[in-house]
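One structure is given below, represented as structure tokens, and several questions about it will come after.
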Amino acid sequence: MVHLTSEEKNCITTIWSKVQVDQTGGEALGRMLVVYPWTTRFFGSFGDLSSPGAVMSNSKVQAHGAKVLTSFGEAVKHLDNLKGTYAKLSELHCDKLHVDPENFKMLGNIIVICLAEHFGKDFTPECQVAWQKLVAGVAHALAHKYH
């Protein structure tokens with residue numbers, strides 16, 4: 001369980017209300033595939049992922065990134081029940097997709113990087129603390145079925 005102060009929750013919801021899910025989601029997933037190229041093995045049906053440019057401009061990467069970040073929005077809505085929120089996705093990623101749970105941590109950290117880039121000075125160190133707690137909590141909730 002993630003313990004967030006009321007200030008941290010406020011920071012998370014304030015930033016989230018300004019996030020452009022399509023843009024940021026596509027960027028985050030694309031960055032993960034570029035920075036950690038072994039993760040492309042889960043996306044064989046996405047077509048050309050042979051270079052950073054191909055990954056970042058791939059419409060399937062953009063669409064799936066938006067889907068992932070939309071799902072992440074559920075965490076923002078249910079900050080006090082992340083395990084329950086992600087129970088079905090945890091089962092899917094564990095039992096059917098066989099995704100290494102470390103990937104959840106990597107993607108979470110990349111989401112934080114993207115938010116920092118997009119929001120600049122509004123993404124204060126205190127705000128980053130809140131978001132790091134949240135992405136760690138989401139990663140833990142998604143990995144729950146693996147334990």
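Just so you know, glycine gets a Cβ as well, placed from its N, Cα and C.
Features from Swiss-Prot:
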BINDING   His64, His93  heme b binding site
DOMAIN    3-147  domain 'Globin'
MOD_RES   Val2  N-acetylvaline
MOD_RES   Thr13  phosphothreonine
MOD_RES   Ser45  phosphoserine
MOD_RES   Lys60  N6-acetyllysine
MOD_RES   Lys83  N6-acetyllysine
MOD_RES   Cys94  S-nitrosocysteine
MOD_RES   Lys145  N6-acetyllysine
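Can you walk me through where each of these features ends up in the structure?
For His64 (heme b binding site), the same-chain residues lying six or more positions away in sequence with a CB closer than 8 A to its CB are Leu29, Phe43, Phe46.
Taken residue by residue, the domain 'Globin' (3-147) breaks down under DSSP into 116 helix, 0 strand, 29 coil.
According to DSSP, Val2 (N-acetylvaline) sits in a coil region rather than a helix or strand.
Residue density at Thr13 (phosphothreonine): 13 other Cβ atoms are found within 10 A of its Cβ, drawing on all protein chains shown.
The number of other Cβ atoms within 10 Å of the Cβ belonging to Ser45 (phosphoserine), over all protein chains shown, comes to 6.
Over all protein chains present, the Cβ of Lys60 (N6-acetyllysine) has 15 other Cβ atoms lying within 10 Å.
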If you average the pLDDT over the domain 'Globin' (3-147), what number do you get?
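So the average pLDDT across the domain 'Globin' (3-147) works out to 88.
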Quick one: of the modified residues Ser45, Lys60, Lys83, which has its CA closest to the CA of Val2 (N-acetylvaline)?
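That would be Lys83, the closest of Ser45, Lys60, Lys83 to Val2 (N-acetylvaline).
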